[in-house]
Ligand code: SAH
Ligand code: SF4
């Protein structure tokens, strides 16, 4: 059980022995049930002396009917409801900003702590698909990120902290709830069809909370999502990719961005620790050899198109070689600029010819549509402009300014 679900409702010894000091009592913190996975909630109920099937019932109320008040859980006895009300709560992170775009994109900014920069963002992008309307939610896993990829505004903020399970699942809960607020409880449905762990942060560096949250996404007592519709995106934390093979079956996306180690070391610094050969081998291990039902038939390769940096024809040729033994689908992402970014977006023609080279070599290669530009919800723009206050960001801005100065003086 993660630390977030440890019961803190017990009054301390000092408080019990000192009735004359009520003003010094700490407020009694309730246990937030929102983030608990089913095994965690079953244990919680058993520890309380209750039957463990209660966990499934409560989870359905929370994640399928979006109920936050125990009084509304009508198949649970009044006595248990009262008990739960005393020591538990169902609490999503605080929404400090929401914006619903004309194109259907929705964005929420959540406050997850006291500091000025303790904000994370969640974006929902709708799209028509053969199988009907898709609503894909892009979920954050950390406040900031330690990995400092050179084209990413989240990386420029530095790392602040991991999100806990309630804060991760809370993003999915809130997005679903936003469509159902005015619908009577028993008629409520789940609206989000797909999840991508592609918001702020490196999900594999917050492994346990992300794993438990993805289990809740797949759980029939909660969101019941198909494993092919939950995608984890990583910049390449190799040992954790291997750990995932043992722990969960979801779709995997790799932020590749460069087809050789020299360039990738520069763009995605974690490559120095886990170079391409190791990363590709881990992806091969992730691909399941058995069963058509698996979500592990291929990996998605993400490749941000940076003007003049990684978009040359020779880079496309290197990609073909690198990926020849890895079942993969390639997604080219037009770079989303942010203030002080040292890169520009590759031209449309450049992106299309890059795509053609890869398609001609037999790869499925798509170009990501940039959506939600009118509300700053595009990839890599998450909260960046709001919370860019760390020392690293300042140093980095100085570095870029100095580089620009040198270029200017060279004419
Ligand atoms: N840390 C994880 C997931 C979050 S980043 C990872 O790196 O995969 C989600 C995706 O957005 C990644 O593919 C990332 O490379 C991409 N991205 C980051 N900054 C971007 C930018 N400015 N423009 C376009 N894509 C960006
Ligand atoms: Fe972190 Fe992903 Fe951004 Fe790299 S691209 S800094 S891993 S969030």
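Cβ coordinates are placed from backbone N, Cα and C, and glycine is handled just like the others.
Any TrEMBL annotation is an automated prediction that lacks curation.
TrEMBL annotations:
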- 1-27: region 'Disordered' (REGION)
- 9-26: compositional bias 'Low complexity' (COMPBIAS)
- 121: active site, proton acceptor (ACT_SITE)
- 131-374: domain 'Radical SAM core' (DOMAIN)
- 145, 149, 152: [4Fe-4S] cluster binding site (BINDING)
- 201, 202, 233, 255, 256, 257, 336: S-adenosyl-L-methionine binding site (BINDING)
- 379: active site, S-methylcysteine intermediate (ACT_SITE)
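Positions of the features from TrEMBL, shown on the structure.
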| residue | record | contacts (Cβ under 8 Å, 6+ apart) |
| --- | --- | --- |
| 149 | [4Fe-4S] cluster binding site | 155, 235, 255, 257, 267, 268, 269 |
| 201 | S-adenosyl-L-methionine binding site | 120, 140, 141, 142, 143, 144, 145, 154, 162, 163 |
| 202 | S-adenosyl-L-methionine binding site | 141, 142, 145, 146, 147, 234, 235, 237 |
| 233 | S-adenosyl-L-methionine binding site | 196, 197, 198, 203, 253, 254, 255, 300, 302 |
| 256 | S-adenosyl-L-methionine binding site | 264, 301, 302, 303, 319 |
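Proximity of the binding-site residues (149, 152, 202, 256) to ligand 2: a Cβ under 6 Å from the molecule is found for 149, 152, 202. Regional average pLDDT for the domain 'Radical SAM core' (131-374) in the model is 94. Rounded to a whole number, the C-alpha distance linking residue 336 (S-adenosyl-L-methionine binding site) with residue 121 (active site, proton acceptor) is 16 angstrom. Within 10 Å of its Cβ, the residue among the binding-site residues 255, 336 with the fewest other Cβ atoms is 336.
Residue with the densest Cβ environment among the binding-site residues 145, 152: 152, by other Cβ atoms within 10 Å. It is 15 Å from the Cα atom of residue 152 ([4Fe-4S] cluster binding site) to that of residue 121 (active site, proton acceptor).
Among the recorded positions 121, 152, 233, 255, 256, 336, the residues whose Cβ lies under 6 Å from any atom of ligand 1 are, in sequence order, 152, 233, 255, 336.
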